[in-house]
Each structure stands twice: as structure tokens, then as C-alpha cells.
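J.: I have a structure here, written as C-alpha cells, and I will follow up with some questions on it.
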Amino acid sequence: MSATTLLLVLDLVGIAVFGVSGALAGVDKKLDLFGVLFLSVATALGGGFIRDALIGATPAAALTDGRYLLVPVVVGLIVFYVHPKMARLSRVFLLVDAAGLGLFAVAGARKALDFGVPAVGACGIGLLTAIGGGLLRDVLVREIPTVLHREIYATAGLLAAVIVVVGDKAEFNNVATASVAISVAFGLRVISRWKQWSAPLPRITE
Amino acid sequence: MSATTLLLVLDLVGIAVFGVSGALAGVDKKLDLFGVLFLSVATALGGGFIRDALIGATPAAALTDGRYLLVPVVVGLIVFYVHPKMARLSRVFLLVDAAGLGLFAVAGARKALDFGVPAVGACGIGLLTAIGGGLLRDVLVREIPTVLHREIYATAGLLAAVIVVVGDKAEFNNVATASVAISVAFGLRVISRWKQWSAPLPRITE
Amino acid sequence: MSATTLLLVLDLVGIAVFGVSGALAGVDKKLDLFGVLFLSVATALGGGFIRDALIGATPAAALTDGRYLLVPVVVGLIVFYVHPKMARLSRVFLLVDAAGLGLFAVAGARKALDFGVPAVGACGIGLLTAIGGGLLRDVLVREIPTVLHREIYATAGLLAAVIVVVGDKAEFNNVATASVAISVAFGLRVISRWKQWSAPLPRITE
């Protein structure tokens with residue numbers, strides 16, 4: 001399997017995972033079939049859409065390859081018709097979601113650099129690609145986005161984006177840097193969940 | 001009346017209708033005059049803005065023709081000052097809104113094809129153009145978007161977009177295809193409302 | 001200090017002020033450290049991101065200059081760790097926020113004109129630049145945007161944008177026009193708050 005094929009496969013896996021998370025949120029809010037599919041697509045592709053609109057990579061990537069739209073529709077259908085069994089897979093889901101997080105952060109930062117965005121901006125775009133879909137999902141079902149008030153999630157994505165940008169400036173090998181970045185985001189996310197770490201909360205004083 | 005003039009008139013009618021729906025939502029939430037006008041504009045132009053940002057048709061169309069902004073402001077003012085009488089027109093409103101739905105889906109899919117977006121992506125953009133304004137409206141007044149959990153609405157828009165894309169691939173006449181697509185969306189929307197059809201809901205089991 | 005340096009300083013001051021308002025909203029909703037910083041950045045840069053995506057000024061300006069991201073992160077950290085003392089500065093905050101409002105409206109309208117957007121569209125973009133960050137902030141913390149239902153805020157921003165566009169058509173001096181526009185927005189905002197003016201509310205009748 002070539003590096004390009006590998007990246008495509010990983011990309012589609014990330015889209016599938018985020019699609020599942022959107023569809024589960026839709027089922028949870030008792031949306032109808034269309035609503036569940038729309039939320040699946042929005043969660044899976046939303047981060048990439050925001051990225052492409054901001055860096056000027058238009059038409060957005062997900063519009064030019066039918067598979068990017070097909071995958072979240074298919075996983076959305078599966079969740080809609082068999083979702084009660086999905087709840088039992090939450091451990092698997094955590095692992096795949098953590099991989100998706102790292103992957104989207106890396107793909108986002110990489111694409112921003114390729115479009116001439118400087119270092120700090122590329123880190124921001126990497127983060128936004130990774131969490132944008134989840135933000136959209138939560139806003140559409142009227143929740144304060146999970147990523148803003150719980151657990152170590154965005155931090156792991158940001159770290160992956162920073163590694164990609166630093167690796168790029170240091171002219172390290174792209175594939176090696178991406179692998180390290182995805183592994184770090186994945187590891188930090190899984191360990192923090194296991195150890196129940198969380199980001200600091202504001203001290204409310206008088 | 002030429003085809004171009006006809007399209008412009010239909011476009012402005014669709015904008016007016018979506019503007020009314022936004023303004024009514026604003027009045028319902030007791031927003032002030034500015035809030036009502038903003039919601040009117042966001043609902044009328046939001047779908048087109050999202051479309052243009054994603055396909056790279058910038059500056060967005062509604063920015064380059066003052067009438068596109070003027071129409072929702074004027075209908076917003078009318079709703080604000082005479083809205084109690086509007087409630088009595090709900091049957092008319094349903095019909096015009098159904099026409100707007102089909103029209104926006106057709107215009108969105110057509111523009112995406114013209115910007116080189118392939119078939120599946122163009123269907124997605126057609127749908128997003130048709131429902132984007134309503135999504136924005138509902139998110140801004142803190143409702144879970146109607147289109148995600150009630151009635152046959154988005155399905156009608158998606159069907160219109162698919163007809164446009166298929167007609168384009170089959171090299172049918174553009175105007176004829178557009179007319180069929182708008183009619184189908186309009187018919188499906190009105191009949192489904194009359195028959196009280198709705199999309200399937202998830203089966204919540206143990 | 002040259003005009004360019006002055007504009008940059010004013011721009012960064014506006015970003016800092018909107019960053020503070022986002023961070024305060026995050027602390028108020030008990031978001032974690034990451035959530036507070038994200039809300040600070042989204043409020044500070046959101047209006048500019050929307051502007052740049054719609055007029056096609058990509059990569060968006062805030063991505064190409066690291067200071068634009070750094071400023072809201074730093075003010076977000078300050079709010080997070082010392083926020084209780086901030087509440088006592090509300091009068092200062094009102095004044096600086098009013099300056100930010102005028103400044104963003106002027107910068108937005110100016111940039112839209114430079115990208116070939118006609119008069120009416122440029123007024124709309126000026127307004128959206130000024131209020132877009134606040135809209136994002138309120139949607140993310142699940143509030144109906146303040147600007148849609150309270151006080152004279154958007155009106156002041158719109159007025160500043162209109163002054164810039166009219167000044168441009170009349171070929172007045174850019175710097176003079178901008179100064180007048182910012183002063184008018186600032187004055188209207190501060191006076192309206194002091195006098196407790198507000199926009200008209202809908203008359204709900206039987």
C-alpha cells in the first residue's frame with residue numbers, strides 16, 4: 001500500500017468515525033432519518049469544510065470525491081437501523097475516535113502548510129479541522145460543545161498539529177512526522193480518558 | 001420574459017419567502033427590529049453564502065447585487081410592522097416556501113456544476129443551498145433545526161438537486177430539467193404536508 | 001506612528017477586546033481552560049474569518065499573521081487566571097468594546113471594497129465583521145445572540161460601515177473617513193448605553 005493510499009484509507013476511517021459520532025448524537029436527540037444522516041455528514045465533513053473555506057482550497061475537497069460524502073451516509077444508515085448495538089462498542093469507539101482526532105489534525109495542518117499558511121495559522125487550522133465537525137454537531141443539536149468543557153480532547157489535536165508544523169520547519173520526513181503526530185494525539189487522548197485527566201477549570205472566587 | 005429574467009425573478013421570490021420565514025422566527029422570539037431584520041437576511045441568504053464559500057464563488061453572489069440584500073430587509077420590515085396579519089396567510093406561505101425550496105436546490109446544484117463540482121458534491125451543495133438558511137435561522141434562535149426532525153422537507157430539496165445533476169449528465173435541456181426539478185420538489189413538499197408524511201424515526205429499543 | 005502601524009495597533013486592540021468578551025462568556029459558562037481560550041479566539045477572529053471566506057480573501061488574514069492568534073490566547077489566559085478582578089472594569093470594557101465595534105466595521109467594509117464588493121454588499125460585510133465574533137460566541141455557549149435582542153449595538157456598526165462606503169464613493173480621504181466612522185460608532189454605542197436606548201420591539205397584538 002502506497003503512502004497516498006494509506007492516507008486516503010486513514011482519511012476515510014476518520015470520516016467514518018466522526019460520522020458515527022454525529023449519527024449517535026442525532027439518534028439521541030430523536031431526529032428523523034434525514035436529520036441523523038445530515039448530522040453524520042456534518043460531523044464527518046464539517047471540520048474539512050471550515051478548513052477549506054478559510055485557506056481557500058475550493059471547491060472543498062469533500063465535494064470533489066464522492067466517497068467522502070458516501071461514507072458518512074452509509075455509517076449514518078447503519079447507526080440509524082442498528083444503533084442499540086453500537087452502545088456496547090464504546091471502547092472500540094473511543095480508540096477509533098482518538099485515531100480520527102489525530103489524523104484530522106495532521107491532515108488539516110499539512111494542507112494549510114501546502115496552501116502557504118504560516119506556522120501559527122497552520123496549527124490553528126489543524127486544530128479546527130479536528131474539532132470543527134464536533135462543534136457543528138453539538139451546535140446543531142443545541143448542546144454547548146463537549147470539546148469546550150470536558151476532558152483532554154482539543155489539546156491532543158493541537159499537539160498533533162504543532163508536531164506537524166515543527167517537523168515541517170525542521171525538514172523532517174513528512175510520513176515519519178505524521179506518524180509521530182497521530183500516535184501522540186492518539187496516546188494522549190486514550191491515556192487521559194483512562195486516567196480521567198481534564199483541563200483546568202476557572203477558579204470562581206468572590 | 002427571457003429565461004435569465006425569469007430565473008432572477010424566481011431567485012428574488014425565493015429570497016423573499018425565506019426572508020419572511022426568518023423574520024417570523026425573530027418576531028416569535030421577541031427579537032428587536034435589528035434582530036428581526038438580521039434573521040430575515042441570514043435565512044434568505046445563508047444557504048447561498050455557505051454554497052459560495054464552499055465552491056469558491058467569491059465574492060459571494062448576494063454581495064455583488066444589492067437587490068439580494070434589499071429584498072430580505074424589506075420583507076423583514078413588513079413582517080416586523082404588520083406580522084399579526086401574516087399568521088393568517090400560512091397556506092399561501094407553505095406554497096411559496098415550497099417553491100423557494102425547489103428553486104434554491106436547483107440554483108445551488110446548477111452553480112456547483114458550473115464551478116466544476118462533480119455529481120455527488122453538486123447534489124450536496126444543492127441541498128445545502130436549500131436548507132442552509134433555515135439551519136442558520138434555527139441555530140441563531142436556539143432551536144434544533146426543524147429540517148432535522150420534522151416532515152419531508154430536505155428530501156424534497158435533495159430530490160430536486162439530484163434531478164438537476166442527472167439531467168446535466170444526460171445532457172437534457174437545462175431549463176426543462178430545472179422546471180421538472182422545481183415542480184417535483186414543490187409537489188412532494190406540498191403533498192407530504194397535506195398527507196402528513198414524515199421521515200422515519202429511530203427505533204429506540206432496549 | 002505611520003497610518004499602517006496605527007491601523008495594526010487598533011486592529012490588535014479590537015481583537016484583544018473581543019477576546020476578553022469571549023473569554024468572560026466562557027468563564028461564565030464554566031468552560032475549561034481550553035474552552036475559554038477557544039471562545040476568546042473565536043470571538044476575536046470569527047468576524048474576520050466569515051468576512052474573508054465570503055469575499056474570497058484566502059488564506060484568511062488572521063491565519064497569515066501569528067499575532068492575530070496570539071493576542072486572544074494571551075488575553076484568554078489573563079481572563080482565566082484573574083477574571084474575578086475583571087468584573088470591576090466593566091466601564092473600561094464598555095469603552096474599549098465600543099472602539100472595537102467601530103474599528104471592525106470600518107476594517108471589514110474597507111477590505112470588502114478593496115476586493116471589489118459593491119456598496120450595499122460592503123456595508124453588509126462591515127456589519128458582519130463587527131458582529132460575527134459575538135454571534136459565534138453566543139451560539140457556542142447556547143445563548144440567543146445578545147446583538148439580536150438588546151441595545152443599540154449592530155446599528156452603530158452598520159452606521160460606521162455605511163460611512164466608509166459613502167466616503168469611498170465620494171472619494172473622501174480614507175483615513176479621515178475611517179476616523180469619523182469609528183468615532184460615530186463609538187459615540188452612538190456609548191451614548192445609547194448611557195441613555196439606555198434600545199431598538200424597537202415587535203408589537204404583539206391579538
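Glycine too: its Cβ is placed from the backbone N, Cα and C atoms.
Automatic, uncurated: that is what TrEMBL annotation is.
Note that this is a predicted model, so its numbers are computed, not measured.
Pasting the feature list from TrEMBL:
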- B:9-83: domain 'Glycine transporter' (DOMAIN)
- B:95-166: domain 'Glycine transporter' (DOMAIN)
- B:6-27: transmembrane segment (TRANSMEM)
- B:34-54: transmembrane segment (TRANSMEM)
- B:66-82: transmembrane segment (TRANSMEM)
- B:89-109: transmembrane segment (TRANSMEM)
- B:115-136: transmembrane segment (TRANSMEM)
- B:148-166: transmembrane segment (TRANSMEM)
- B:172-191: transmembrane segment (TRANSMEM)
J.: Please determine whether the transmembrane segment (B:172-191) and the transmembrane segment (B:89-109) are in contact (criterion: at least three Cβ-Cβ distances under 8 Å, sequence separation 6 or more).
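T.: Contact between the transmembrane segment (B:172-191) and the transmembrane segment (B:89-109): present.
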J.: Helix, strand, coil: count each for the residues of the domain 'Glycine transporter' (B:95-166), based on DSSP.
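T.: Breakdown, helix to coil: 59 helix, 0 strand, 13 coil.
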J.: Below 8 Å between Cβ atoms, which of the listed ranges B:34-54, B:89-109, B:115-136 makes the most pairs with the transmembrane segment (B:148-166)?
T.: B:115-136
J.: When DSSP states are grouped into helix, strand and coil, how many residues of the domain 'Glycine transporter' (B:9-83) land in each?
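T.: The breakdown for the domain 'Glycine transporter' (B:9-83) reads 65 helix, 0 strand, 10 coil.
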